[in-house]
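Only one structure is covered here, and it is reproduced in the block below.
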Amino acid sequence: MWREKGNAIGNWLLAITAIFGFITLIWIPQASAECQTRSIYCYECDSWTDARCKDPFNYTALPRDQPPLMTCNGCCVKMVRHQRSRYEVVRRMCTSQLQINLFMVDHVCMMESSGNGHMCFCEEDMCNSSKDLYSHGHQLHLIITIAVAVSWLMGQLLNR
């Protein structure tokens with residue numbers, strides 16, 4: 001009996017590992033390559049010199065009343081310093097202006113250790129206009145949810 005349970009658990013763990021391996025092989029290189037090879041439009045501004053760059057961003061304004069757009073061969077970036085204070089600074093740009101490994105930043109937000117600022121990356125046209133770029137990174141959550149559901153189903157099938 002213990003041997004059968006051990007084999008079932010081993011099979012279940014093997015299935016989970018295979019699923020996560022498959023997802024990693026397909027999803028991560030695709031996302032990284034997409035960010036590096038496709039041209040998108042990003043806002044280019046700094047709230048120190050252009051009040052239109054501040055949050056909340058008025059994306060319904062006429063194009064002439066918005067910060068300039070630039071063609072970007074990479075990802076859009078939004079950086080915030082001194083968040084939620086009167087000294088808040090917002091900068092929007094393209095990763096081509098940064099020395100950064102795109103594989104490490106695709107669909108990611110990094111927080112300052114003090115919690116007073118963050119830097120987010122996204123890969124859709126004008127996506128750095130968003131107040132909260134976390135909304136652009138739901139793909140990872142979806143993949144993890146699907147993987148857990150498939151693992152649970154496989155575990156149920158293996159236990160029959």
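Cβ atoms are placed via backbone N, Cα and C, with glycine included.
Residues within less than 8 Å, Cβ to Cβ, of Cys76 (disulfide bond) and separated from it by at least 6 positions along the same chain comprise Ile40, Cys42, Tyr43, Arg92, Met93, Cys94, Thr95, Phe121, Cys122, Glu123, Glu124, Met126, Cys127, Asn128. Cys76 (disulfide bond) falls within a strand when secondary structure is assigned with DSSP. The disulfide bond annotation in Swiss-Prot covers Cys42-Cys76 (among others) and rests on similarity to another entry.
Under the three-state DSSP scheme, Cys53 (disulfide bond) falls in the helix class. The disulfide bond annotation in Swiss-Prot covers Cys45-Cys53 (among others) and is backed by similarity to another entry.
Look at Swiss-Prot and you will find Cys72-Cys94 (among others) tagged as disulfide bond.
According to Swiss-Prot, the feature disulfide bond maps to Cys109-Cys120 (among others). The Cβ neighbour count for Cys120 (disulfide bond), using a 10 Å radius over every protein chain in view, is 24.
In the three-state DSSP assignment, the secondary structure recorded for Cys127 (disulfide bond) is helix. Counting every protein chain shown, 22 other Cβ atoms lie within 10 Å of the Cβ of Cys127 (disulfide bond). The disulfide bond annotation in Swiss-Prot covers Cys122-Cys127 (among others).
Other C-beta atoms found within 10 angstroms of the C-beta of Asn58 (N-linked glycosylation site) number 13, with every protein chain shown included. Among the features that Swiss-Prot reports, N-linked glycosylation site is placed at Asn58, with the record citing similarity to another entry.
For Asn128, the entry in Swiss-Prot reads GPI-anchor amidated asparagine. Residue density at Asn128 (GPI-anchor amidated asparagine): 30 other Cβ atoms are found within 10 A of its Cβ, drawing on all protein chains shown.
Sequence-distant contacts of the region 'Loop 1' (55-68) (same chain, at least 6 residues past either end, Cβ-Cβ under 8 Å): 43-45, 80, 88, 90, 92, 126, 129-131. What Swiss-Prot records for 55-68 is region 'Loop 1'.
What Swiss-Prot lists as region 'Loop 2' is 78-92, and the listing cites similarity to another entry.
Swiss-Prot lists 1-33 with the feature signal peptide, giving sequence analysis as the kind of evidence.
Taken from Swiss-Prot, the feature transmembrane segment covers 138-158, and the record attributes it to sequence analysis.
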Query raised in the report: So among the disulfide-bonded residues Cys42, Cys45, Cys53, Cys72, who's got the most Cβ atoms within 10 Å?
Result: Cys42
Query raised in the report: Does DSSP put Asn58 (N-linked glycosylation site) in a helix, in a strand, or in coil?
Result: coil
Report summary line: According to DSSP, Cys122 (disulfide bond) sits in strand
